[in-house]
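As structure tokens, the structure follows; a few thoughts come after it.
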Amino acid sequence: MTTIVSVRRNNQVVIAGDGQVSLGNTVMKGNARKVRRLYHNKVLAGFAGGTADAFTLFERFEAKLEMHQGHLLKSAVELAKDWRSDKMLRKLEAMLVVADTESSLIITGNGDVVQPEYDLIAIGSGGNYAHASALALLQNTELSAEEIAEKSLTIAGDICVFTNQFKTIEKLDY
């Protein structure tokens, strides 16, 4: 699996992810990029789950963004509808975290689109560790969104065997 974390604070939104790709108990790759910029660099997206499945979802989500002129929520809901109703897509095992300057969302294979509390999202095998540490940092420090995402991903990587210390961090300032 992997860990993806998104933090929003002080006119900045960040999505960060580790780079580990595992096949069973074997590390296949340590420097995968699971966080990307989409739609003219105005949308950030990260994935946890099957890599091939996630790339399929990235492509479909980007097509939805183009169709809806970059409207994040509408694109996410339309992708979730397709994901839930299409027999081929229903078999895909991945989750997406997406964000723009206005919203941060989780899109699941069950057709859920969730806007989180505290402008904080963490998914994947190390998601609970990243979430707990990021929430503590949000509530008790003045660190930037980028610093919180980086530190919480480091903590998750120290605890979760399916999360490593290679990080991809993308941010939008607004």
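Cβ from N, Cα, C; glycine included.
The active site annotation in Swiss-Prot covers Thr2 and is backed by sequence analysis. Under the heading Na(+) binding site, Swiss-Prot lists Gly157, Cys160, Thr163, citing sequence analysis as support.
Overlay of Swiss-Prot annotations on the structure.
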residue: Thr2; record: active site; Cβ within 10 Å: 27
residue: Gly157; record: Na(+) binding site; Cβ within 10 Å: 22
residue: Cys160; record: Na(+) binding site; Cβ within 10 Å: 21
residue: Thr163; record: Na(+) binding site; Cβ within 10 Å: 29
Rounded to a whole number of Å, the separation of the Cα atoms of Gly157 (Na(+) binding site) and Thr2 (active site) comes to 9
For Na(+), residues beyond Gly157, Cys160, Thr163 with C-beta within 8 angstroms of the site's Cβ centre include exactly Thr3, Asp18, Gln20, Ser125, Gly126, Tyr129, Leu153, Ala156, Asp158, Ile159, Val161, Phe162, Asn164, Gln165
